[in-house]
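Copied over from Swiss-Prot, here are the features:
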REGION    1-85  region 'Disordered'
COMPBIAS  36-46  compositional bias 'Low complexity'
COMPBIAS  50-69  compositional bias 'Basic and acidic residues'
CARBOHYD  N60  N-linked glycosylation site
CARBOHYD  N90  N-linked glycosylation site
CARBOHYD  N99  N-linked glycosylation site
TRANSMEM  100-120  transmembrane segment
CARBOHYD  N132  N-linked glycosylation site
TRANSMEM  135-155  transmembrane segment
TRANSMEM  173-193  transmembrane segment
TRANSMEM  195-215  transmembrane segment
TRANSMEM  227-247  transmembrane segment
TRANSMEM  254-274  transmembrane segment
TRANSMEM  328-348  transmembrane segment
TRANSMEM  363-383  transmembrane segment
TRANSMEM  410-430  transmembrane segment
TRANSMEM  438-458  transmembrane segment
TRANSMEM  473-493  transmembrane segment
TRANSMEM  506-526  transmembrane segment
Amino acid sequence: MAPSQDLGERDQQQPPAPYPADLENGRYGRIPNGHGSTTGTEGSGTLQLNEKDDATLRPNGSHDVKEEGQETSTNVVDWDGPDDPANPQNWTLSKKWLNISVVGLITFNVPLASSMFAPAVPQLLQDFHTDNASLSTFVVSVYILGLAAGPLILAPMSELYGRLNVYHVGNVLFIIFTVACGLATNINMLVAFRFLAGLVGAAPIAIGAGTIADVTNLQQRGTAMSIWSLGPLLGPSIGPVIGGFLAQAAGWRWIFWLLAIIAGAVAIISFFVLQETHAPTLLKRKTNRLRKETGNMALRSKLDTQLPPKEMFLRAIVRPCKMLLFSPVCLILSFYSAFVYALIYFMFSTFSFIFKASYGFNQGTVGLVYLACGIGMLLGLGIQQLTGDRIRQRLADKRNGGDHKPEYRFPPMFMAGGLLPAGLFMYGWAVQHHVQWAVPLLGTLIAGIGICIISICINTYLVDTFTMYAASALAASAVLRSVFAAVLPLFALQMYNKLGLGWGNSLLAFVGLGMWPITFLFFVHGEKLRKNPKFQIKF
(Lines of atoms letter the chains of each structure in order from A; the text may use other names.)
(Lines give C-alpha, C1' and ligand atoms only; values in the text may rest on other atoms or scores of the structure.)
Protein backbone atom coordinates (compact mmCIF):
# COMPACT_ATOMS: atom_id res chain seq x y z
CA MET A 1 0.00 0.00 0.00
CA ALA A 2 1.12 3.62 -0.76
CA PRO A 3 2.70 5.53 1.99
CA SER A 4 0.37 7.30 4.31
CA GLN A 5 1.51 10.29 6.27
CA ASP A 6 1.19 11.20 9.93
CA LEU A 7 1.36 14.83 10.76
CA GLY A 8 4.04 15.53 13.33
CA GLU A 9 3.30 17.95 16.10
CA ARG A 10 4.18 21.56 15.47
CA ASP A 11 5.06 24.00 18.16
CA GLN A 12 2.75 26.65 16.79
CA GLN A 13 -0.24 24.38 16.41
CA GLN A 14 -2.50 22.67 18.93
CA PRO A 15 -5.36 21.03 17.61
CA PRO A 16 -5.13 19.82 14.01
CA ALA A 17 -4.82 22.63 11.53
CA PRO A 18 -7.53 23.21 8.94
CA TYR A 19 -5.01 22.13 6.32
CA PRO A 20 -1.34 21.16 6.41
CA ALA A 21 1.47 23.63 5.95
CA ASP A 22 2.82 24.34 2.51
CA LEU A 23 5.60 22.06 1.45
CA GLU A 24 8.59 23.29 -0.45
CA ASN A 25 7.35 22.44 -3.94
CA GLY A 26 3.63 21.99 -3.42
CA ARG A 27 1.05 23.12 -0.98
CA TYR A 28 -0.76 19.88 -0.34
CA GLY A 29 1.10 17.27 -2.35
CA ARG A 30 3.67 14.85 -1.00
CA ILE A 31 7.31 15.42 -1.81
CA PRO A 32 9.47 12.39 -0.95
CA ASN A 33 13.05 13.24 -0.12
CA GLY A 34 14.32 9.76 -0.72
CA HIS A 35 14.68 8.88 2.97
CA GLY A 36 11.20 7.75 3.85
CA SER A 37 10.03 11.15 5.03
CA THR A 38 8.79 14.42 3.72
CA THR A 39 9.84 17.77 5.06
CA GLY A 40 8.70 21.28 4.47
CA THR A 41 9.53 24.62 5.95
CA GLU A 42 7.18 27.29 7.13
CA GLY A 43 7.84 30.62 8.74
CA SER A 44 7.88 29.57 12.34
CA GLY A 45 8.98 25.98 12.29
CA THR A 46 9.41 22.75 10.37
CA LEU A 47 6.72 20.32 9.32
CA GLN A 48 7.64 16.66 9.15
CA LEU A 49 5.49 13.95 7.63
CA ASN A 50 6.68 10.36 8.11
CA GLU A 51 5.68 7.81 5.52
CA LYS A 52 4.86 4.19 6.36
CA ASP A 53 6.12 1.60 3.96
CA ASP A 54 3.16 -0.77 4.38
CA ALA A 55 0.52 1.48 2.80
CA THR A 56 -0.52 1.44 -0.85
CA LEU A 57 -2.41 4.11 -2.69
CA ARG A 58 -5.81 3.06 -3.90
CA PRO A 59 -6.92 3.91 -7.45
CA ASN A 60 -9.80 6.01 -6.16
CA GLY A 61 -7.56 8.26 -4.12
CA SER A 62 -8.26 6.79 -0.70
CA HIS A 63 -5.82 4.84 1.42
CA ASP A 64 -5.72 3.14 4.79
CA VAL A 65 -4.10 5.01 7.64
CA LYS A 66 -3.32 3.03 10.73
CA GLU A 67 -2.84 5.39 13.64
CA GLU A 68 -0.36 4.47 16.34
CA GLY A 69 -2.05 2.46 19.08
CA GLN A 70 -5.03 1.57 16.91
CA GLU A 71 -5.83 -1.87 15.59
CA THR A 72 -8.33 -0.74 12.97
CA SER A 73 -7.62 1.44 9.97
CA THR A 74 -9.56 4.45 8.73
CA ASN A 75 -10.37 5.13 5.09
CA VAL A 76 -8.78 8.44 4.17
CA VAL A 77 -9.33 10.27 0.88
CA ASP A 78 -6.27 12.08 -0.47
CA TRP A 79 -5.05 13.36 -3.84
CA ASP A 80 -4.39 10.68 -6.47
CA GLY A 81 -0.64 10.99 -6.05
CA PRO A 82 1.63 14.06 -6.09
CA ASP A 83 0.77 14.86 -9.73
CA ASP A 84 -3.01 14.72 -9.37
CA PRO A 85 -4.38 17.37 -11.80
CA ALA A 86 -7.28 18.00 -9.42
CA ASN A 87 -4.80 19.52 -6.96
CA PRO A 88 -4.68 23.28 -7.72
CA GLN A 89 -0.92 23.19 -7.23
CA ASN A 90 -0.75 20.95 -10.32
CA TRP A 91 -2.95 23.03 -12.59
CA THR A 92 -1.49 24.19 -15.88
CA LEU A 93 0.13 27.62 -15.85
CA SER A 94 -2.60 29.03 -18.10
CA LYS A 95 -5.31 27.81 -15.74
CA LYS A 96 -3.50 29.19 -12.70
CA TRP A 97 -2.93 32.62 -14.21
CA LEU A 98 -6.46 32.85 -15.58
CA ASN A 99 -7.87 32.33 -12.09
CA ILE A 100 -5.33 34.68 -10.51
CA SER A 101 -6.13 37.36 -13.11
CA VAL A 102 -9.87 37.15 -12.43
CA VAL A 103 -9.28 37.37 -8.67
CA GLY A 104 -7.08 40.39 -9.37
CA LEU A 105 -9.90 41.93 -11.43
CA ILE A 106 -12.37 41.52 -8.57
CA THR A 107 -9.79 42.91 -6.15
CA PHE A 108 -9.30 45.94 -8.41
CA ASN A 109 -13.02 46.72 -8.63
CA VAL A 110 -13.62 46.82 -4.87
CA PRO A 111 -11.02 49.53 -4.00
CA LEU A 112 -12.08 51.40 -7.15
CA ALA A 113 -15.43 51.98 -5.44
CA SER A 114 -13.73 53.31 -2.33
CA SER A 115 -12.38 56.49 -3.94
CA MET A 116 -14.37 56.89 -7.15
CA PHE A 117 -16.95 58.81 -5.17
CA ALA A 118 -14.46 61.23 -3.56
CA PRO A 119 -14.51 64.03 -6.20
CA ALA A 120 -18.32 64.08 -6.12
CA VAL A 121 -18.58 64.70 -2.37
CA PRO A 122 -19.08 68.50 -2.71
CA GLN A 123 -21.93 67.83 -5.17
CA LEU A 124 -23.46 65.30 -2.77
CA LEU A 125 -23.32 67.74 0.15
CA GLN A 126 -25.04 70.35 -1.97
CA ASP A 127 -27.82 67.94 -2.97
CA PHE A 128 -28.40 66.89 0.64
CA HIS A 129 -28.09 70.46 1.94
CA THR A 130 -25.20 70.03 4.38
CA ASP A 131 -21.74 71.56 4.67
CA ASN A 132 -20.26 69.29 7.36
CA ALA A 133 -16.63 68.69 6.29
CA SER A 134 -16.15 65.72 8.63
CA LEU A 135 -19.31 64.09 7.29
CA SER A 136 -18.04 64.51 3.75
CA THR A 137 -14.89 62.61 4.65
CA PHE A 138 -16.84 59.93 6.52
CA VAL A 139 -19.01 59.18 3.47
CA VAL A 140 -15.80 58.07 1.76
CA SER A 141 -14.22 56.42 4.82
CA VAL A 142 -17.23 54.36 5.93
CA TYR A 143 -16.74 52.10 2.93
CA ILE A 144 -13.23 51.33 4.21
CA LEU A 145 -14.70 50.42 7.61
CA GLY A 146 -16.76 47.81 5.79
CA LEU A 147 -13.58 46.51 4.17
CA ALA A 148 -12.08 46.27 7.67
CA ALA A 149 -14.93 44.21 9.12
CA GLY A 150 -15.45 42.00 6.09
CA PRO A 151 -12.31 39.81 6.30
CA LEU A 152 -13.16 38.73 9.86
CA ILE A 153 -16.36 37.15 8.55
CA LEU A 154 -15.56 36.21 4.96
CA ALA A 155 -12.21 34.49 5.56
CA PRO A 156 -13.76 31.95 7.99
CA MET A 157 -16.68 31.47 5.61
CA SER A 158 -14.24 30.46 2.88
CA GLU A 159 -12.86 27.70 5.12
CA LEU A 160 -16.34 26.32 5.73
CA TYR A 161 -17.88 26.68 2.28
CA GLY A 162 -14.92 27.14 -0.05
CA ARG A 163 -13.45 30.22 -1.66
CA LEU A 164 -15.60 30.08 -4.79
CA ASN A 165 -18.92 30.45 -2.95
CA VAL A 166 -17.61 33.45 -1.02
CA TYR A 167 -16.50 35.15 -4.24
CA HIS A 168 -19.84 34.57 -5.99
CA VAL A 169 -22.08 35.58 -3.08
CA GLY A 170 -19.88 38.60 -2.37
CA ASN A 171 -20.11 39.74 -6.01
CA VAL A 172 -23.91 39.55 -6.07
CA LEU A 173 -24.39 41.34 -2.74
CA PHE A 174 -21.87 44.00 -3.76
CA ILE A 175 -23.97 44.79 -6.84
CA ILE A 176 -27.16 45.00 -4.77
CA PHE A 177 -25.73 47.39 -2.17
CA THR A 178 -24.01 49.52 -4.82
CA VAL A 179 -27.34 50.00 -6.60
CA ALA A 180 -28.88 50.88 -3.22
CA CYS A 181 -26.24 53.61 -2.80
CA GLY A 182 -27.33 55.13 -6.10
CA LEU A 183 -30.96 55.09 -4.95
CA ALA A 184 -30.24 56.67 -1.54
CA THR A 185 -32.58 59.56 -0.68
CA ASN A 186 -30.59 60.92 2.26
CA ILE A 187 -27.04 60.84 3.51
CA ASN A 188 -27.77 58.34 6.29
CA MET A 189 -29.02 55.79 3.76
CA LEU A 190 -25.94 56.36 1.64
CA VAL A 191 -23.61 55.86 4.61
CA ALA A 192 -25.37 52.61 5.61
CA PHE A 193 -25.31 51.09 2.13
CA ARG A 194 -21.71 52.21 1.55
CA PHE A 195 -20.71 50.30 4.69
CA LEU A 196 -22.59 47.18 3.59
CA ALA A 197 -21.05 47.37 0.11
CA GLY A 198 -17.60 47.48 1.68
CA LEU A 199 -18.46 44.61 4.03
CA VAL A 200 -19.46 42.17 1.28
CA GLY A 201 -16.97 43.58 -1.20
CA ALA A 202 -14.08 42.61 1.07
CA ALA A 203 -14.16 39.00 -0.22
CA PRO A 204 -11.18 39.27 -2.63
CA ILE A 205 -9.20 41.24 -0.06
CA ALA A 206 -9.96 38.65 2.63
CA ILE A 207 -9.20 35.50 0.64
CA GLY A 208 -7.33 36.63 -2.48
CA ALA A 209 -3.93 35.88 -0.97
CA GLY A 210 -5.24 32.50 0.15
CA THR A 211 -6.27 31.72 -3.42
CA ILE A 212 -2.79 32.65 -4.64
CA ALA A 213 -1.17 30.46 -1.99
CA ASP A 214 -3.49 27.62 -3.04
CA VAL A 215 -2.23 27.55 -6.63
CA THR A 216 1.32 28.97 -6.71
CA ASN A 217 4.74 27.77 -5.70
CA LEU A 218 7.59 29.94 -4.43
CA GLN A 219 8.81 30.95 -7.88
CA GLN A 220 5.35 32.04 -9.06
CA ARG A 221 4.19 33.70 -5.85
CA GLY A 222 6.05 37.01 -6.15
CA THR A 223 4.51 37.88 -9.52
CA ALA A 224 1.08 36.66 -8.45
CA MET A 225 1.13 38.74 -5.27
CA SER A 226 2.18 41.80 -7.29
CA ILE A 227 -0.83 41.38 -9.59
CA TRP A 228 -3.18 40.90 -6.66
CA SER A 229 -1.73 43.79 -4.64
CA LEU A 230 -2.11 46.18 -7.55
CA GLY A 231 -5.90 46.29 -7.14
CA PRO A 232 -6.00 47.77 -3.63
CA LEU A 233 -3.22 50.19 -4.60
CA LEU A 234 -4.16 51.32 -8.10
CA GLY A 235 -7.95 51.21 -7.74
CA PRO A 236 -8.08 54.20 -5.36
CA SER A 237 -5.94 56.21 -7.81
CA ILE A 238 -7.96 55.56 -10.95
CA GLY A 239 -11.38 55.81 -9.30
CA PRO A 240 -11.36 59.59 -8.72
CA VAL A 241 -10.32 60.27 -12.32
CA ILE A 242 -13.43 58.50 -13.60
CA GLY A 243 -15.62 59.76 -10.78
CA GLY A 244 -14.66 63.40 -11.23
CA PHE A 245 -15.64 63.63 -14.89
CA LEU A 246 -18.68 61.37 -14.50
CA ALA A 247 -20.10 63.41 -11.62
CA GLN A 248 -19.54 66.62 -13.57
CA ALA A 249 -21.25 65.23 -16.67
CA ALA A 250 -24.09 63.13 -15.25
CA GLY A 251 -24.27 63.62 -11.48
CA TRP A 252 -22.96 61.68 -8.50
CA ARG A 253 -25.55 58.88 -8.71
CA TRP A 254 -24.13 57.75 -12.03
CA ILE A 255 -20.92 56.83 -10.22
CA PHE A 256 -22.81 54.03 -8.49
CA TRP A 257 -24.59 52.98 -11.69
CA LEU A 258 -21.22 52.59 -13.40
CA LEU A 259 -19.78 50.67 -10.45
CA ALA A 260 -22.76 48.31 -10.53
CA ILE A 261 -22.31 47.74 -14.27
CA ILE A 262 -18.60 46.98 -13.83
CA ALA A 263 -19.31 44.69 -10.87
CA GLY A 264 -21.96 42.88 -12.90
CA ALA A 265 -19.55 42.25 -15.76
CA VAL A 266 -16.87 41.02 -13.35
CA ALA A 267 -19.40 38.74 -11.61
CA ILE A 268 -20.36 37.13 -14.93
CA ILE A 269 -16.71 36.55 -15.84
CA SER A 270 -16.06 35.11 -12.39
CA PHE A 271 -19.02 32.75 -12.65
CA PHE A 272 -17.70 31.16 -15.84
CA VAL A 273 -13.94 31.30 -15.17
CA LEU A 274 -13.18 30.96 -11.45
CA GLN A 275 -12.76 27.50 -9.98
CA GLU A 276 -12.46 26.28 -6.42
CA THR A 277 -8.86 26.27 -5.12
CA HIS A 278 -9.33 25.50 -1.41
CA ALA A 279 -7.84 22.02 -0.98
CA PRO A 280 -9.91 20.98 2.10
CA THR A 281 -13.08 21.90 0.22
CA LEU A 282 -12.00 19.99 -2.89
CA LEU A 283 -11.11 16.86 -0.91
CA LYS A 284 -14.36 17.10 1.03
CA ARG A 285 -16.29 17.11 -2.26
CA LYS A 286 -14.22 14.17 -3.48
CA THR A 287 -14.97 12.30 -0.26
CA ASN A 288 -18.72 12.89 -0.60
CA ARG A 289 -18.62 11.69 -4.20
CA LEU A 290 -16.73 8.51 -3.27
CA ARG A 291 -19.15 7.81 -0.43
CA LYS A 292 -22.03 7.87 -2.91
CA GLU A 293 -20.17 5.75 -5.45
CA THR A 294 -18.86 3.12 -3.02
CA GLY A 295 -21.44 3.22 -0.24
CA ASN A 296 -18.53 3.40 2.23
CA MET A 297 -19.62 6.04 4.74
CA ALA A 298 -16.40 5.57 6.73
CA LEU A 299 -14.41 7.52 4.15
CA ARG A 300 -13.05 10.87 5.32
CA SER A 301 -10.91 13.58 3.80
CA LYS A 302 -7.21 13.66 4.60
CA LEU A 303 -7.63 17.36 5.43
CA ASP A 304 -10.78 16.95 7.51
CA THR A 305 -10.28 18.49 10.96
CA GLN A 306 -13.36 16.66 12.30
CA LEU A 307 -14.34 19.87 14.06
CA PRO A 308 -17.94 21.13 14.17
CA PRO A 309 -18.57 23.98 11.69
CA LYS A 310 -19.27 26.40 14.53
CA GLU A 311 -15.90 25.69 16.17
CA MET A 312 -14.07 25.95 12.85
CA PHE A 313 -15.74 29.30 12.19
CA LEU A 314 -14.88 30.68 15.64
CA ARG A 315 -11.27 29.52 15.40
CA ALA A 316 -10.91 31.10 11.98
CA ILE A 317 -12.30 34.40 13.29
CA VAL A 318 -9.97 34.39 16.29
CA ARG A 319 -6.87 33.42 14.31
CA PRO A 320 -6.22 36.83 12.63
CA CYS A 321 -6.76 38.57 15.96
CA LYS A 322 -4.28 36.25 17.69
CA MET A 323 -1.75 36.95 14.95
CA LEU A 324 -2.02 40.69 15.51
CA LEU A 325 -1.84 40.35 19.29
CA PHE A 326 0.83 37.68 19.73
CA SER A 327 2.97 37.66 16.57
CA PRO A 328 5.40 40.60 16.43
CA VAL A 329 6.10 39.79 12.79
CA CYS A 330 2.44 40.13 11.82
CA LEU A 331 1.75 43.09 14.12
CA ILE A 332 4.74 45.28 13.22
CA LEU A 333 4.58 44.70 9.48
CA SER A 334 0.79 45.06 9.41
CA PHE A 335 1.15 48.35 11.28
CA TYR A 336 3.70 49.58 8.74
CA SER A 337 1.51 48.43 5.84
CA ALA A 338 -1.56 50.05 7.41
CA PHE A 339 0.17 53.41 7.81
CA VAL A 340 1.43 53.33 4.22
CA TYR A 341 -1.98 52.36 2.84
CA ALA A 342 -3.78 54.98 4.93
CA LEU A 343 -1.60 57.67 3.35
CA ILE A 344 -3.35 57.04 0.04
CA TYR A 345 -6.73 57.90 1.51
CA PHE A 346 -5.28 60.63 3.70
CA MET A 347 -4.04 62.49 0.64
CA PHE A 348 -7.01 61.58 -1.54
CA SER A 349 -9.56 62.84 0.99
CA THR A 350 -8.09 66.34 0.70
CA PHE A 351 -7.10 66.59 -2.98
CA SER A 352 -10.50 67.96 -4.05
CA PHE A 353 -10.37 70.80 -1.54
CA ILE A 354 -6.65 71.61 -1.87
CA PHE A 355 -6.37 71.69 -5.65
CA LYS A 356 -9.63 73.55 -6.11
CA ALA A 357 -8.64 76.22 -3.58
CA SER A 358 -4.91 76.50 -4.39
CA TYR A 359 -4.86 75.89 -8.14
CA GLY A 360 -8.44 76.55 -9.29
CA PHE A 361 -9.05 73.04 -10.67
CA ASN A 362 -12.67 72.22 -11.57
CA GLN A 363 -14.52 69.07 -10.55
CA GLY A 364 -13.44 67.17 -13.64
CA THR A 365 -9.77 68.10 -13.77
CA VAL A 366 -9.27 67.64 -10.03
CA GLY A 367 -9.83 63.93 -10.62
CA LEU A 368 -6.65 63.87 -12.72
CA VAL A 369 -4.67 64.84 -9.61
CA TYR A 370 -5.24 61.35 -8.22
CA LEU A 371 -3.66 59.81 -11.31
CA ALA A 372 -0.12 60.94 -10.42
CA CYS A 373 0.00 58.66 -7.39
CA GLY A 374 -1.40 55.84 -9.51
CA ILE A 375 1.34 56.29 -12.12
CA GLY A 376 3.86 56.13 -9.30
CA MET A 377 2.36 52.83 -8.17
CA LEU A 378 2.63 51.41 -11.69
CA LEU A 379 6.28 52.44 -11.74
CA GLY A 380 6.71 50.82 -8.33
CA LEU A 381 5.16 47.62 -9.65
CA GLY A 382 7.58 47.64 -12.59
CA ILE A 383 10.57 48.17 -10.31
CA GLN A 384 9.41 45.40 -8.00
CA GLN A 385 8.90 42.99 -10.89
CA LEU A 386 12.32 43.73 -12.38
CA THR A 387 14.29 43.56 -9.14
CA GLY A 388 12.37 41.61 -6.50
CA ASP A 389 12.81 38.01 -7.65
CA ARG A 390 16.33 38.62 -8.97
CA ILE A 391 17.50 39.98 -5.63
CA ARG A 392 15.71 37.18 -3.78
CA GLN A 393 17.37 34.48 -5.88
CA ARG A 394 20.79 36.14 -5.68
CA LEU A 395 20.60 36.31 -1.90
CA ALA A 396 19.41 32.70 -1.70
CA ASP A 397 22.31 31.50 -3.86
CA LYS A 398 24.91 33.61 -2.07
CA ARG A 399 23.82 33.25 1.55
CA ASN A 400 21.76 30.09 1.89
CA GLY A 401 22.82 27.55 -0.70
CA GLY A 402 19.96 28.44 -3.03
CA ASP A 403 17.24 28.05 -0.39
CA HIS A 404 14.79 30.90 -0.03
CA LYS A 405 14.09 32.80 3.20
CA PRO A 406 11.13 35.17 3.57
CA GLU A 407 13.55 37.96 4.60
CA TYR A 408 14.96 38.00 1.07
CA ARG A 409 11.79 39.85 0.03
CA PHE A 410 12.86 43.03 1.88
CA PRO A 411 15.73 44.62 -0.15
CA PRO A 412 13.44 46.53 -2.58
CA MET A 413 12.00 48.25 0.51
CA PHE A 414 15.41 49.72 1.34
CA MET A 415 14.86 52.28 -1.41
CA ALA A 416 11.08 52.47 -1.17
CA GLY A 417 11.15 53.31 2.54
CA GLY A 418 13.09 56.48 1.70
CA LEU A 419 11.06 57.46 -1.37
CA LEU A 420 7.82 57.59 0.61
CA PRO A 421 8.79 60.39 3.05
CA ALA A 422 10.70 62.21 0.29
CA GLY A 423 7.53 62.36 -1.79
CA LEU A 424 5.48 63.58 1.17
CA PHE A 425 7.95 66.38 1.91
CA MET A 426 7.89 67.50 -1.72
CA TYR A 427 4.10 67.40 -1.98
CA GLY A 428 3.45 69.26 1.28
CA TRP A 429 5.85 72.15 0.87
CA ALA A 430 5.14 72.61 -2.84
CA VAL A 431 1.42 73.02 -2.14
CA GLN A 432 2.14 75.20 0.89
CA HIS A 433 4.07 77.69 -1.26
CA HIS A 434 1.81 77.36 -4.32
CA VAL A 435 4.61 76.02 -6.48
CA GLN A 436 3.54 75.09 -10.03
CA TRP A 437 1.04 72.21 -9.80
CA ALA A 438 3.34 69.68 -11.50
CA VAL A 439 5.75 69.76 -8.54
CA PRO A 440 3.32 68.54 -5.84
CA LEU A 441 2.03 65.93 -8.28
CA LEU A 442 5.62 64.74 -8.76
CA GLY A 443 5.78 64.39 -4.98
CA THR A 444 2.67 62.18 -4.95
CA LEU A 445 4.17 60.12 -7.80
CA ILE A 446 7.35 59.50 -5.81
CA ALA A 447 5.30 58.61 -2.74
CA GLY A 448 3.25 56.24 -4.90
CA ILE A 449 6.38 54.32 -5.91
CA GLY A 450 7.27 53.84 -2.25
CA ILE A 451 3.73 52.87 -1.24
CA CYS A 452 3.49 50.20 -3.95
CA ILE A 453 6.85 48.52 -3.29
CA ILE A 454 6.41 48.53 0.50
CA SER A 455 2.92 47.04 0.27
CA ILE A 456 3.87 44.27 -2.17
CA CYS A 457 7.00 43.29 -0.21
CA ILE A 458 5.13 43.10 3.10
CA ASN A 459 2.21 41.13 1.65
CA THR A 460 4.52 38.62 -0.03
CA TYR A 461 6.64 38.29 3.12
CA LEU A 462 3.55 37.49 5.19
CA VAL A 463 2.46 34.83 2.70
CA ASP A 464 5.95 33.29 2.68
CA THR A 465 6.08 33.32 6.48
CA PHE A 466 2.56 32.12 7.28
CA THR A 467 2.05 29.86 4.27
CA MET A 468 -0.33 27.55 6.10
CA TYR A 469 -2.28 30.53 7.43
CA ALA A 470 -1.61 33.00 4.60
CA ALA A 471 -5.28 33.97 4.32
CA SER A 472 -5.47 34.67 8.06
CA ALA A 473 -2.24 36.69 8.05
CA LEU A 474 -3.42 38.82 5.13
CA ALA A 475 -6.87 39.15 6.71
CA ALA A 476 -5.23 40.46 9.90
CA SER A 477 -3.19 42.91 7.87
CA ALA A 478 -6.25 43.95 5.84
CA VAL A 479 -8.30 44.66 8.97
CA LEU A 480 -5.64 46.94 10.44
CA ARG A 481 -4.98 48.54 7.06
CA SER A 482 -8.64 49.31 6.45
CA VAL A 483 -9.17 50.70 9.96
CA PHE A 484 -6.24 53.08 9.46
CA ALA A 485 -7.48 54.06 6.00
CA ALA A 486 -10.96 54.77 7.35
CA VAL A 487 -10.03 56.65 10.53
CA LEU A 488 -6.92 58.70 9.72
CA PRO A 489 -8.49 60.71 6.85
CA LEU A 490 -11.17 61.93 9.26
CA PHE A 491 -8.50 64.12 10.86
CA ALA A 492 -6.83 65.26 7.65
CA LEU A 493 -8.54 68.63 7.24
CA GLN A 494 -8.23 69.46 10.94
CA MET A 495 -4.52 68.63 10.89
CA TYR A 496 -3.89 70.74 7.80
CA ASN A 497 -5.86 73.64 9.31
CA LYS A 498 -3.68 73.60 12.45
CA LEU A 499 -0.27 72.72 11.02
CA GLY A 500 -0.57 73.89 7.44
CA LEU A 501 0.01 71.75 4.37
CA GLY A 502 3.80 71.91 4.69
CA TRP A 503 4.19 70.83 8.30
CA GLY A 504 1.14 68.58 8.16
CA ASN A 505 2.65 66.45 5.41
CA SER A 506 6.05 66.73 7.07
CA LEU A 507 4.57 65.12 10.18
CA LEU A 508 3.45 62.17 8.06
CA ALA A 509 6.88 62.05 6.41
CA PHE A 510 8.64 61.96 9.80
CA VAL A 511 6.45 59.01 10.84
CA GLY A 512 7.45 57.29 7.60
CA LEU A 513 11.12 57.98 8.34
CA GLY A 514 10.67 56.49 11.79
CA MET A 515 9.27 53.30 10.28
CA TRP A 516 11.95 52.98 7.61
CA PRO A 517 14.44 51.14 9.92
CA ILE A 518 11.86 48.35 10.38
CA THR A 519 12.87 47.10 6.94
CA PHE A 520 16.55 46.75 7.85
CA LEU A 521 15.82 45.25 11.27
CA PHE A 522 13.59 42.56 9.80
CA PHE A 523 16.08 41.80 7.04
CA VAL A 524 18.79 41.13 9.64
CA HIS A 525 16.81 39.78 12.60
CA GLY A 526 13.47 38.72 11.08
CA GLU A 527 14.29 35.01 11.02
CA LYS A 528 15.24 34.98 14.71
CA LEU A 529 12.07 36.85 15.60
CA ARG A 530 9.65 34.62 13.71
CA LYS A 531 11.32 31.44 15.00
CA ASN A 532 11.54 32.59 18.62
CA PRO A 533 9.62 30.06 20.78
CA LYS A 534 8.07 32.94 22.74
CA PHE A 535 6.14 34.02 19.66
CA GLN A 536 4.89 30.67 18.39
CA ILE A 537 1.12 30.94 18.18
CA LYS A 538 -1.09 28.00 19.14
CA PHE A 539 -4.28 27.82 17.15
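In case you wondered, yes, glycine gets a Cβ from its N, Cα and C as well.
One residue stands out among the glycosylation sites N90, N99, N132 for having the most other Cβ atoms within 10 Å of its Cβ: N99.
For the transmembrane segment (100-120), same-chain residues at least 6 beyond its ends with a Cβ under 8 Å from one of its own Cβ atoms are 139-140, 143-144, 147, 167, 171, 174, 178, 197-198, 201-205, 208, 211-212, 215-216, 224, 227-228, 230-240, 242-244, 246-247, 252, 255-256, 259, 262-263, 266, 269-270, 273-274, 345, 348-349, 351-352, 363, 366-367, 370. Counting Cβ pairs closer than 8 Å to the transmembrane segment (328-348), the top stretch among 173-193, 227-247, 363-383, 410-430, 473-493 is 473-493. With respect to their backbone Cα atoms, N90 (N-linked glycosylation site) and N132 (N-linked glycosylation site) stand 55 Å from each other. Tertiary proximity for the transmembrane segment (254-274) is limited to same-chain residues at least six positions away from its ends with a CB under 8 Å from its CB atoms, namely 98-99, 102-103, 105-106, 109, 112-113, 116-117, 120, 164, 167-168, 171-172, 174-175, 178-179, 181-182, 242-243, 246-247. Here the transmembrane segment (195-215) does not touch the transmembrane segment (410-430). Their Cβ atoms form fewer than 3 pairs under 8 Å, with each pair 6 or more residues apart. The transmembrane segment (363-383) shares more Cβ pairs under 8 Å with 227-247 than with any other stretch in the list 173-193, 227-247, 410-430, 473-493. Under the DSSP three-state reduction, N99 (N-linked glycosylation site) is assigned to helix. The distance from the Cα of N99 (N-linked glycosylation site) to the Cα of N132 (N-linked glycosylation site) comes to 44 Å. The stretch in closest packing with the transmembrane segment (506-526), judged by the count of Cβ pairs under 8 Å and taken from 135-155, 173-193, 410-430, 473-493, is 410-430. Take the transmembrane segment (173-193) and the stretches 135-155, 410-430, 473-493: counting Cβ pairs under 8 Å, 135-155 has the most.
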